[in-house]
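Chemist: Below is a structure I'd like to ask you about.
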Amino acid sequence: MAAASVTSPGSLELLQPGFSKTLLGTRLEAKYLCSACKNILRRPFQAQCGHRYCSFCLTSILSSGPQNCAACVYEGLYEEGISILESSSAFPDNAARREVESLPAVCPNDGCTWKGTLKEYESCHEGLCPFLLTECPACKGLVRLSEKEHHTEQECPKRSLSCQHCRAPCSHVDLEVHYEVCPKFPLTCDGCGKKKIPRETFQDHVRACSKCRVLCRFHTVGCSEMVETENLQDHELQRLREHLALLLSSFLEAQASPGTLNQVGPELLQRCQILEQKIATFENIVCVLNREVERVAVTAEACSRQHRLDQDKIEALSNKVQQLERSIGLKDLAMADLEQKVSELEVSTYDGVFIWKISDFTRKRQEAVAGRTPAIFSPAFYTSRYGYKMCLRVYLNGDGTGRGTHLSLFFVVMKGPNDALLQWPFNQKVTLMLLDHNNREHVIDAFRPDVTSSSFQRPVSDMNIASGCPLFCPVSKMEAKNSYVRDDAIFIKAIVDLTGL
């Protein structure tokens with residue numbers, strides 16, 4: 001893997017775990033998955049044990065201090081002192097990030113046809129897809145982002161409204177229930193047909209309306225007819241004999257039990273007086289409450305308007321925060337790229353000779369055998385300050401015909417800032433060496449580029465296809481003679497012939 005400076009995971013923290021697996025439009029490879037959340041890596045960090053984690057996941061794990069790597073434990077690869085997750089030894093895996101961000105992606109939201117790369121999805125589409133399902137804060141239902149405003153204003157059953165009659169605040173779902181008790185709700189008189197009579201004055205209208213049907217005054221003694229107010233006198237004249245008969249019958253019944261009447265009469269009179277006093281008191285209270293209800297309704301309407309304004313402000317601020325978070329995330333990525341470039345510049349050479357030290361050889365070899373990190377790229381080096389840009393690629397467990405038996409070493413022509421000034425195809429002799437620490441038996445291989453190969457044409461992407469030696473050095477030779485591996489490190493040297501440049 002390309003060398004990188006060790007940076008705290010917190011510096012790239014975007015408070016988001018890995019990408020959903022449903023984003024990939026191609027078959028998913030295990031190397032792209034976070035060892036913690038098992039989703040696609042987002043801002044990958046590599047621990048010293050070789051496992052990769054999302055920046056968010058690693059920060060969450062390390063929030064309570066250094067931890068054992070659960071992936072090492074699960075895979076049976078735990079090593080004391082190596083399988084430890086800690087901020088000081090984890091570093092941003094920019095090579096893995098570039099691979100992940102270049103993967104083809106499709107939007108997982110139903111109905112959306114967007115396609116692109118993971119990098120484009122994160123920067124331009126994630127969180128902005130019109131088909132994204134979001135939760136309505138009022139009714140808790142799921143609505144598409146593009147329909148959220150219409151839902152909030154027109155369809156949400158919990159949307160805040162004001163009664164059109166009394167202006168009291170009310171949700172849409174409770175509006176019909178409110179109409180049943182609203183003091184300003186318009187009623188229609190069945191007698192005269194007058195409409196839009198407020199409920200609070202309807203009884204006064206009924207008492208005054210000549211067309212309203214009321215009980216006959218003699219209903220207490222047995223007359224059950226309902227008569228219009230204006231015809232009440234005619235009814236009493238027409239039913240005079242019947243009313244007198246009812247009165248006589250009632251009188252005779254009362255006369256038959258005078259003791260009971262004498263006992264009940266004063267008690268009923270007293271109760272009536274008490275009830276009349278209470279009614280008068282309650283009427284005064286109702287008047288006060290009506291005025292208070294009107295005042296509260298006006299206040300509630302003002303609060304409702306202010307609430308809507310506040311909600312609009314909150315939504316606008318929330319959008320700004322999201323934009324700022326996205327902007328900070330992009331700046332963090334740019335900063336990581338700059339850190340990577342500075343780190344590479346510190347070890348770059350400009351004379352065509354490059355010595356690459358690979359530390360932690362034992363661990364990196366185990367990772368290559370396990371398939372977690374099969375290849376490692378060196379920092380870039382140059383033939384001159386304005387010359388060709390190159391790097392090395394090594395497979396510690398071999399590649400192709402050398403897999404499992406040899407160390408494979410390749411030479412890579414990279415896209416440089418001055419390619420337009422250089423001669424193409426690249427045609428300089430390349431010598432590759434595995435250095436013997438005793439300076440006696442260096443493993444050496446050299447080749448002159450095949451100018452017809454695409455590996456040595458002017459690069460159109462970050463780097464050309466690697467070319468070199470899949471059978472560079474047998475693993476058995478390295479293990480049998482400890483002069484190649486010393487202090488758990490090996491040194492690889494590349495020499496580019498500058499003749500003709």
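Any Cβ shown, glycine's included, is placed from N, Cα and C.
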Chemist: Could you check Swiss-Prot and say which of Lys313, Lys320, Lys341, Lys481 is marked as ubiquitin cross-link?
Modeler: Lys320
Chemist: Looking at Swiss-Prot, which of Thr117, Thr220, Thr383 is flagged as phosphothreonine?
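Modeler: With Swiss-Prot as the source, phosphothreonine is noted for Thr117.
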Chemist: Rounded to a whole number, how many Å is the Cα of Thr117 (phosphothreonine) away from the Cα of Lys320 (ubiquitin cross-link)?
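Modeler: Computed Cα spacing between Thr117 (phosphothreonine) and Lys320 (ubiquitin cross-link) is 25 Å.
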Chemist: Could you give the mean pLDDT over the domain 'MATH' (351-496), rounded to a whole number?
Modeler: 92
Chemist: Which is it, of Lys31, Lys320: the one of these recorded sites whose Cβ has the most other Cβ atoms within 10 Å?
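Modeler: Max Cβ neighbours within 10 Å, all protein chains included: Lys31.
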Chemist: Measure from the Cβ of Thr22 (phosphothreonine) and count the other Cβ atoms within 10 Å, all protein chains considered.
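Modeler: Thr22 (phosphothreonine) is surrounded by 14 other Cβ atoms within 10 Å.
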Chemist: Taking only the Cα atoms, work out how far Lys320 (ubiquitin cross-link) lies from Thr22 (phosphothreonine), in Å, as a whole number.
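Modeler: That separation, Cα to Cα, works out to 28 Å.
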